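Trainee: Would you mind keeping the following structure in view while I ask a few things?
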Amino acid sequence: MSILEVENIGIAFGGLRALDRVGFEVAEGEIFAVIGPNGAGKTTLFNIVSGLYRPGEGRVRLLGQDVTGIEPHLLAEKGLSRTFQNLQLFGRMTALENVMVGRHLRESRGILRHLFLRRAVEHEERESRARARDLLAFVGLDRLADQPANALPYGAAKRLEIARALASEPRILLLDEPAAGCNPAETGEIEALIREIARRGVTVVLVEHDMRLVMRLSHRIHVLNHGRTLAEGAPAEIRLNPAVIEAYLGHHGAKEAARAVA
Amino acid sequence: MPALLRRYGVLLLLLVLVASLPLALPSNYHVRIATLVWISALVVMGLNLLMGYAGQVSLGHAGFFGIGAYAVAILPAHLGVPPLLAFLLGVAAAGLLAFVVGRPILRLKGYYLAVATLGFGILVAMVLQNEMVWTGGPDGMTVPRLELMGVRLRSPMTWYWISGGTLLLGMLLAIHLIESPTGRALRAIHDSEIAARVAGIDAPQAKLAAFVISAVYAAVGGGLLAWVNGLVTPDMAGFLHSIELVAMAVLGGLGSLLGSVLGAAVLVLLPQLLTLFHEYEQLVLGLVMMLAMIFLRAGIVPSIAARLGWRAA
């Protein structure tokens, strides 16, 4: 069954058509990649799927339910989570607190309870902290738990975003360029992390520029160019698709992609 | 234990201060000034929850203060409501009004929110000034003394303890709120609203909650001051008072509860001390504020804490 269906999405900013009739389906448990040159509309697509933008045309369905244009926090409740290409950490909060915010939906939300029933809240806080620590350990940040997020090195910040996104216990996770700006060692860690997340049953949709990573990791790839769908298929097909090579991979990219499989 | 101390340390400090300060206060005049500090600190603490934690500015909080103050004046005088009930009704009315007004206003951000809240405050002050029959107009009106169990509360020391006790209670609740999922949600919104929403936080609702809570703190402070002074005037709800509250919050340090107390203390005490300078009083006050912000730009408490290498209290 498809967990996410994107149907005929279109959006324009001013006179610019950022996306035009884009559609795809993501199956549960899949690692699905969206690639394309800069400005192809990948992040815009993510912003629509995660509820930050309302599309001009088209529908988004999550687990068969129409969720087009609904608020991000309601999408989170339905099991969708995401990370951001330009990190959106809570800079003045510690790494641990960042992950605890990710658990917001799993925590009690009565404000009067928070004001007046300290003993009960205390108990929940302990549990929340423990779960957040587990997640930090999962992404390899347990030793940086008490650091403010804005003091973390770039690679750690990237992984913290993932830990926070996982804290809401999503069924589908959108990763916006998880390896951007990472060195090869960090990229390797991110790759292992994504595999492990998928292995635990979370569907992963990622936007990524690192072709080798995408080719190794994804089950299927959707290629955008100038806001339109150029191709979709398994890595092996995409790599050999002439239109994709022409528009995006170029000779250098094609070589890199080939080397990834070799 | 260290965790408890870290959380309640500030409260303990304030408790010791409130409890021991009367020993050092030579006259009723000084007791009254200290009472004013506690009341202002309470209001600023509420405003700090909104500004320092949720990151939303309000230039109209004196409006809520005025509503709390006038409730204990108007309701007993015109409608025969018992004073304590009048106080609670005033606080509830301020909270309700914040809830109704906050919904549309808090969609705005930054300067736009500042101007909208400014307008709200001016509106309240205008109503209090112009509804002569109910409010006594520009001259204000006297407040019936509060009687508790047959005892008239009039001695300055009584009000010192009531105000100090309310401040401590306000701080306890503020600490609980900050160190809860709600408090984390507010701080998250402050740092990245988009990420907060994606994490499942209903940002408009969280901001509204902070707005209502801060309005309640302001109204409680207003009610207390009305009783302490025995008089209410429209300037309690006025624009200058709103600005003063924001100045106290910023000067003391946004995001620091101790900062709220200190900011209130400085801006209540300084004008008293500066009377030495006679006509230059305002000038020196302005200069002190400017220098404080230039050299302690995160506010008094956070800046000093950072310099000493503490985690901000």
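Cβ atoms here come from the backbone N, Cα and C positions, even for glycine.
Whatever TrEMBL says is automated annotation, not expert-curated.
What TrEMBL records for this protein is below:
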- B:36-55: transmembrane segment (TRANSMEM)
- B:62-79: transmembrane segment (TRANSMEM)
- B:85-103: transmembrane segment (TRANSMEM)
- B:110-128: transmembrane segment (TRANSMEM)
- B:158-178: transmembrane segment (TRANSMEM)
- B:208-228: transmembrane segment (TRANSMEM)
- B:248-271: transmembrane segment (TRANSMEM)
- B:283-305: transmembrane segment (TRANSMEM)
Trainee: So, does the transmembrane segment (B:208-228) come close enough to the transmembrane segment (B:248-271) to give 3+ Cβ pairs below 8 Å, pairs being at least 6 apart in sequence?
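Mentor: Per Cβ check, the transmembrane segment (B:248-271) does not touch the transmembrane segment (B:208-228).
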Trainee: Under 8 Å, at least 3 Cβ pairs, sequence separation 6 or more: does that hold for the transmembrane segment (B:36-55) versus the transmembrane segment (B:208-228)?
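Mentor: Yes, the stretches contact each other.
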Trainee: With Cβ-Cβ distances below 8 Å as the criterion, list the same-chain residues six or more beyond the ends of the transmembrane segment (B:85-103) that contact it, or say none.
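Mentor: Sequence-distant neighbours of the transmembrane segment (B:85-103): 64, 67-72, 74-76, 120, 204, 207-208, 211-212, 214-216, 218-220, 222-223.
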